[in-house]
Structures are given as structure tokens and as C-alpha cells.
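According to TrEMBL, the protein carries these features:
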type: ACT_SITE; residues: Glu92; note: active site, proton donor
type: BINDING; residues: Cys90, Cys124, Cys127; note: Zn(2+) binding site
type: DOMAIN; residues: 38-165; note: domain 'CMP/dCMP-type deaminase'
Amino acid sequence: MSTHTHFHTFSCAWSALEQEQSHWILSLDVIIMAKITSSLQDLILTSQEAKQFAYSPYSKFRVGAALLTHDGRVFTGCNVENACLALGVCAERVAISKAVSEGHREFKAIAIASDMEDNFISPCGGCRQFMREFGLQWEVYLSKPNGSFIKMTVEQLLPASFGPEDLQK
């Protein structure tokens, strides 16, 4: 089974990244008008493309992630399963680990994609904590194969969380 869960509650909050253009977004039973940027479209598309490389022979549940750093670099990740199921790695952690291994520590956004059509993909608890390590306010885009998505912050995904600053007390 996948370590990801279905996501049922969402926020319709929005913040633009760069150049704006109008785009309709379908979220469950709610249609909202939002300003979507070409860089956001690219990030979501890149996460959809990243899932094509998923190694998921056991669950058949493919996940892709695309992580945007503050300096504009994009790092991708896909889930990698293992016969010892506890050793599998989620797409979000792969993307973040790739970025960190190249010296990046500040992130602007991450887009996450799966093949689920009825529900938005949502990070597992471990990935939420892993993202939290690098801040509370960066954006998380949870998408469907048709390109629709919802936007949250890490703090909304993991409220009342424990982070690096708690170890400084």
C-alpha cells in the first residue's frame, strides 16, 4: 500500500508566483477562478512527468514531485518502492533530498502528482514532517492528472508542528 493518503479538506487560497493568466480550476465540487502563472503550470506539469519514472511494482501507485527552490531551480522526484516495504521512499523526499544534496535549503513551492482522478494526492505524515524541516510558509500544490490542483502551505498540512527552531529552546 502507498504511504500517501487521500486528501479531503482543502484551502482555496491563492498566491501568484510570476506572470499571471486566467485559468479555471476544478476542485472536487467547487469551481474557482484563480490566477495561474506559467511557472506554476510548468511546475505542475513537471511533477506529472516525474511520476512516469516511479518504481512502484508492489502498489502500482505512482507519485511524482517537482520542487522549486528560491533561486528558480527545479528538482524532481518519484516514489521508489522496495520489497521490504518500509524502505520505500516517497517522491517528495526524493526531490527534497536531491535539492539539499546540491546545497539548496530554501524552497518556494512543491507540486505533487499521482494517477488518482477522484481525489487530490496528499503527502504522507513523514513527508509533511520532512517538508516542515525547511520552513512553514512555502507552497504545496496537490494535483490530479487533468491538471486541476489545490494549494496549501506546509503549515496548513502540518499545523502545530515540531521543527528545527524547537531544538534551539
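Every residue, even glycine, has its Cβ placed from backbone N, Cα and C.
Averaged across the domain 'CMP/dCMP-type deaminase' (38-165), the predicted model reaches a pLDDT of 97. Rounded to a whole value, the Cα-Cα separation of Glu92 (active site, proton donor) and Cys124 (Zn(2+) binding site) is 9 Å. In this structure, Cys124 (Zn(2+) binding site) belongs to neither helix nor strand by DSSP; it is coil. In the three-state DSSP classification, the residue listed as 'active site, proton donor' falls within a helix. A simple way to gauge crowding: the CB of Cys124 (Zn(2+) binding site) has 16 other CB atoms within 10 angstroms, across all the protein chains here.
Take the CB of Cys127 (Zn(2+) binding site) and look out to 10 A: across all protein chains shown you find 26 other CB atoms. Other Cβ atoms within 10 Å of the Cβ of the residue listed as 'active site, proton donor' number 27 in total over all chains.
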